[in-house]
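Listed in Swiss-Prot for this protein:
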- 53-83: domain '4Fe-4S ferredoxin-type 1' (DOMAIN)
- Cys63, Cys66, Cys69, Cys113: [4Fe-4S] cluster 1 binding site (BINDING)
- Cys73, Cys103, Cys106, Cys109: [4Fe-4S] cluster 2 binding site (BINDING)
- 94-123: domain '4Fe-4S ferredoxin-type 2' (DOMAIN)
Amino acid sequence: MASIAQAAKSLLLKEFASAFALSMRQFFAPKATLNYPHEKGPVSPRFRGEHALRRYPNGEERCIACKLCEAICPAQAITIEAGPRRNDGTRRTVRYDIDMVKCIYCGFCQEACPVDAIVEGPNFEFATETREELYYDKDKLLANGDRWEREIARNIAMDAPYR
């Protein structure tokens, strides 16, 4: 009797039919992947992407040249030169450079900044063709801040209860 059952299974190709049914279910199921360059997935508010220097709403840069980000950077990727003190006692940076080749995107600079001047924004598409383009100066960082300010402010506001 066992040989008849085995012959029936082989003749009716039960394993083949069940495997084919499984394949067809997966074929018509929704796709789990994205067509990346054309479709982009959601990014976490805590995502650490391209660096940016922020400005106050009046247009003045936030960085007060305290150099805490330079001191805490484990990769020593940040270089800051502070300008002379102003009449009101504040000072600003003359030079603010980040070597993105050295940067390990740890976020320590963002955590150390007392005025939220340096942040890691939501941009993850900043590949370049040359190394020189990965040396960010103050102008490039401020341009990034201007470009991504709305998203950066939203992400900081969402993360505020946990800071």
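We count from 1, first residue shown onward.
In case you wondered, yes, glycine gets a Cβ from its N, Cα and C as well.
Values in this document were obtained by computation on a predicted structure and should not be read as measured data.
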Below 8 angstroms Cβ to Cβ, which residues of this chain, lying six or more residues outside the domain '4Fe-4S ferredoxin-type 1' (53-83), approach it?
90-104, 106, 108-119, 138, 141-142, 144-146, 149, 152
Where Cys69 ([4Fe-4S] cluster 1 binding site) and Cys109 ([4Fe-4S] cluster 2 binding site) are concerned, what is their Cα separation in Å, rounded?
4
Would you kindly give the Cα-Cα distance separating Cys63 ([4Fe-4S] cluster 1 binding site) and Cys73 ([4Fe-4S] cluster 2 binding site), rounded to the nearest Å?
16
Within 10 Å of the Cβ of Cys66 ([4Fe-4S] cluster 1 binding site), how many other Cβ atoms can you find? Include all protein chains, please.
17
Can you name every residue in this chain, apart from Cys63, Cys66, Cys69, Cys113, with its Cβ inside 8 Å of the center of the Cβ atoms of the recorded [4Fe-4S] cluster 1 site?
Ile64, Ala65, Lys67, Leu68, Glu70, Ile80, Cys109, Ala112, Pro114, Val115, Ala117, Ile118
Tertiary neighbours of Cys109 ([4Fe-4S] cluster 2 binding site) (same chain, Cβ under 8 Å, six or more apart):
His51, Cys69, Ile72, Cys73, Ile78, Ile118, Glu120
For Cys69 ([4Fe-4S] cluster 1 binding site), the number of other Cβ atoms found within 10 Å of its own Cβ:
23
Could you round the CA separation between Cys103 ([4Fe-4S] cluster 2 binding site) and Cys113 ([4Fe-4S] cluster 1 binding site) to a whole angstrom and send it over?
16
Select the most exposed residue of Cys63, Cys73, Cys103, Cys106, Cys113, where exposure means the fewest other Cβ atoms within 10 Å, treating these as the binding-site residues.
Cys106
State the mean pLDDT for the domain '4Fe-4S ferredoxin-type 1' (53-83).
96
